[in-house]
Structure formats: C-alpha cells, structure tokens
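J.: Feature list, courtesy of TrEMBL:
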TRANSMEM  48-70  transmembrane segment
TRANSMEM  76-94  transmembrane segment
TRANSMEM  115-136  transmembrane segment
TRANSMEM  142-163  transmembrane segment
TRANSMEM  175-196  transmembrane segment
TRANSMEM  208-233  transmembrane segment
TRANSMEM  245-267  transmembrane segment
TRANSMEM  287-310  transmembrane segment
TRANSMEM  315-336  transmembrane segment
TRANSMEM  342-360  transmembrane segment
Amino acid sequence: MERTQELNVNGQQNIEAHLADHEERNNTMEIESFPIPQPKNYKRWLRISIYVFFVLSCQALSTILGRLYFENGGKSTWMGTLVQLIGFPVLFLFRFFSKIKIPKSTDTSFRQFPSFITLGSVYIVTGLIVSANSYMSSVGLLYLPVSTFSLILASQLAFTAFFSYFLNSQKFTPFIINSLFLLTISSALLVVNTDASQSTSNVSRVKYVIGIICTIGASAGIGLLLSLVQLILRKVLKNHTVSTVMDLVAYQSLVASCVVLIGLFASGEWETLTSEMESYKLGKAPYVLTLASIAISWQVYTIGVVGLIFESSSVFSNSITAVGLPIVPVVAVIVFKDKMNTSKIFSIILAIWGFISFVYQHYLDEKKLKLSHANPVEGSRLPVDEGHTNIQIV
C-alpha cells in the first residue's frame with residue numbers, strides 16, 4: 001500500500017515537472033519570438049549631425065567674428081571677453097526645451113546631490129578660470145593673426161593631457177606622448193618665428209609677444225579647466241545628466257560674466273564703447289550685430305559639444321572639436337588674407353598629425369570602455385577609473 005502511494009506521488013511530481021518544463025519552453029519561445037522595437041536611429045544620427053555642424057561651424061565663426069570686431073575698430077578687450085560669456089541664458093533655454101533622453105541610473109550614488117556650498121564653490125572656482133581664459137584669449141586675438149592664434153590655441157589638447165595626468169590619472173600612452181610632442185613643436189614653431197611683420201597691422205613686436213604669451217596662457221587654462229571639470233563630474237557632482245552639465249556651464253559663465261563686467265567698469269573701457277560703436281568701420285548696426293553673433297555662436301558651440309557628449313560620447317565630442325581646430329587657420333587665410341609662410345604650413349601639418357594621434361588614442365579608450373561594459377568580470381576596472389574619459393566643456 002505504501003509502495004503504491006509512493007509511486008502515485010512520484011508520478012504526480014513527474015507530471016508537474018513536465019508541465020512546468022513545457023510552460024517554461026512556451027514562455028521562452030514567446031519571449032524569443034516577441035519583436036523587440038528598434039530605435040529610430042536616423043533621428044539620433046540627425047541630431048548628431050546637427051550637433052557636429054554646430055561645433056564645426058560655430059567654433060570657426062566665433063573666432064573669425066572675434067577677430068572681425070578688432071579688425072574694424074573694436075579696441076575693448078573686456079568687451080571682446082564679455083561677448084564670449086554673456087550669451088549663457090541660451091543654455092537654460094536648451095536645457096528646458098531639449099528632447100535628449102538620458103537613461104536613469106539605478107546606482108544610488110548618482111542620486112546623491114552635493115550641498116549648496118559645494119555647488120557654489122564649484123561654480124565660482126570654474127567661473128574664475130573661465131573669465132581668465134576668456135580674457136587672455138581676447139588679448140591674443142587682438143594682437144595675433146587668426147591663423148597664428150588658432151594654431152597656438154590648439155595646444156590645449158596637450159595641456160589637457162598634461163593636467164589630466166595629475167588630476168585624473170591619465171596614462172601617457174605612446175599616442176598621447178606623440179600628440180603632446182607634435183602639438184608642442186607645432187606651437188613652438190610659431191612662437192620662435194615672432195617677426196612682427198607677419199603679425200596684424202600696427203602691432204609692435206612687444207604686443208605680438210604679449211599676444212603669444214596670453215594665447216599660450218589661455219590654452220593652458222582651457223586644458224586645466226577641462227581636466228578640472230572632468231574631476232568635478234566624477235568626484236563631486238556624480239550626476240552625469242544634461243541638466244547637470246548645462247547647470248555647470250551656465251552658472252560658471254554667469255560667474256565669469258560678473259567678473260568680466262567688474263573688469264569692464266573698473267578699467268573704464270565702458271566709457272569708450274559709445275565712441276567705439278560710432279567709429280566702427282562697418283557702421284553701428286554691424287557693430288551690434290557682430291557682438292551679438294559672437295555671443296550666440298559661442299553658446300551654440302557649447303550646445304553642440306554637450307549634445308555630442310550625451311548623444312554619443314565625450315570622446316566623440318572631443319574628437320570633433322579637435323577636427324575643427326585646423327579649419328580656423330584656413331578660413332582666416334581666406335577672410336583676412338593672413339600670410340601663410342612655410343612655418344605656418346609645417347605647423348598646420350604637425351597639428352593635424354597630433355590631432356589624429358590624440359583622436360586615435362581616445363578611439364582605443366572608447367573601444368576598451370565598450371569591452372569593459374560587455375564583460376564586467378574581466379573589466380571590473382573601467383577606463384573612467386583610469387582617467388581616460390575627457391568631457392569637453394568650453
């Protein structure tokens with residue numbers, strides 16, 4: 001009797017197991033046969049194309065217009081600095097109306113927000129650096145030909161790698177070292193060749209040298225700022241969303257604008273702005289239009305940079321920025337008839353070679369990052385921990 005009951009129980013368990021296995025197979029087949037919705041990639045690539053256009057066009061446009069302001073009678077370096085920053089309200093509009101969707105992280109560390117004092121300190125420190133960079137850039141653009149200015153400013157990539165080595169544990173790979181060497185030589189060729197006859201009209205040799213020093217200082221400041229922002233996003237803010245980055249850029253521009261406004265009034269240059277506008281070679285309306293266009297183009301450039309970061313990656317954004325840097329000297333030769341001697345041509349070639357080396361190294365970093373995400377066991381230490389990310393915020 002007990003044997004019969006045991007057989008019945010075993011038979012019932014076998015039937016239940018068979019039914020459970022059959023149901024699991026059906027569920028598996030149903031899941032596998034369920035069509036997975038494919039994202040509309042063409043819309044994403046359309047947005048990426050728009051952001052690439054913003055970066056490449058506005059990067060060149062803002063520099064050319066900045067030189068156009070000085071070329072036609074503009075003399076205020078503080079005004080030339082202010083228009084680089086004062087358009088920051090455009091960033092708030094982009095933040096509220098942007099349709100970029102960022103997946104929400106389940107990591108609780110991303111939900112921890114820094115205190116008001118911490119945020120204020122971050123905005124003030126980065127804002128002061130931005131104001132200094134913008135002023136030195138304005139002085140360099142006043143005293144140097146656009147082609148020379150742009151080629152020296154391209155050394156910001158080398159300074160970024162240098163400061164990232166100390167702040168973000170950036171590894172000096174052979175490609176990075178090659179890029180540092182080439183960009184340094186590229187800028188050194190222009191620094192050594194300081195013949196004032198090749199500079200802009202009515203600029204003495206002393207002012208030409210001052211322009212070079214200020215441009216190198218601006219390049220170093222940009223490298224420091226990029227490395228510092230990368231450190232802040234990783235260690236302080238920890239919330240890598242569009243709104244976080246936009247807040248950082250907008251509020252640091254607000255702080256920098258206030259600093260520059262103080263400098264404008266303290267220097268007394270504000271008193272000469274009316275006469276400057278009246279004596280502007282192209283007229284009053286083009287004077288206002290030029291300054292407004294500079295302000296808008298800088299902010300559209302920033303929107304393009306941030307958009308590429310979140311639509312693709314910071315590496316891709318940095319690469320597009322690097323690709324756009326050699327465009328400015330070429331446009332300057334066409335627009336302002338800048339002299340293109342042998343040293344400048346050789347400097348452009350070295351700079352492009354350095355850009356390619358820089359971009360290729362970040363391509364390898366991006367590839368390593370994807371492999372780490374695909375295999376978290378072997379790639380438990382992501383490139384972000386090794387300082388390979390390079391978020392571009394200008």
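Glycine is no exception: its Cβ is also placed from the backbone N, Cα and C atoms.
Any TrEMBL annotation is an automated prediction that lacks curation.
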J.: Is the transmembrane segment (342-360) packed against any residues at least 6 beyond its ends, judged by a Cβ distance under 8 Å, and which are they?
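T.: Residues 147-148, 151, 154, 157-158, 161, 175-176, 178-183, 185-187, 189-190, 193, 318-319, 322-323, 325-326, 329 contact the transmembrane segment (342-360) from elsewhere in the chain.
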J.: Who are the chain neighbours of the transmembrane segment (287-310) in space, where the CB to CB distance is under 8 Å and they lie at least 6 residues beyond its ends?
T.: 47-48, 50-55, 58-59, 61-62, 65-66, 68-69, 72, 74, 79, 83-88, 90-91, 94, 98, 100, 102, 242, 245-246, 249, 276-277, 280, 316-317, 320-321, 391-394
J.: For the transmembrane segment (245-267), could you work out the same-chain residues 6 or more beyond its ends whose Cβ comes under 8 Å from its Cβ atoms?
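T.: Apart from its flanks, the transmembrane segment (245-267) reaches 76, 78-79, 81-82, 85-86, 88-89, 91-92, 94-95, 122-124, 126-128, 130-131, 134-135, 229, 232-233, 237, 302, 306, 309-310, 391, 393.
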J.: Please indicate, using numbers and ranges, the residues of the same chain that are 6 or more beyond the transmembrane segment (115-136) and have a C-beta under 8 Å from a C-beta there.
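T.: Distant Cβ neighbours of the transmembrane segment (115-136) are 77-78, 81, 84-85, 214-215, 217-218, 221-222, 224-225, 228-229, 232, 236-237, 248, 251-260, 263.
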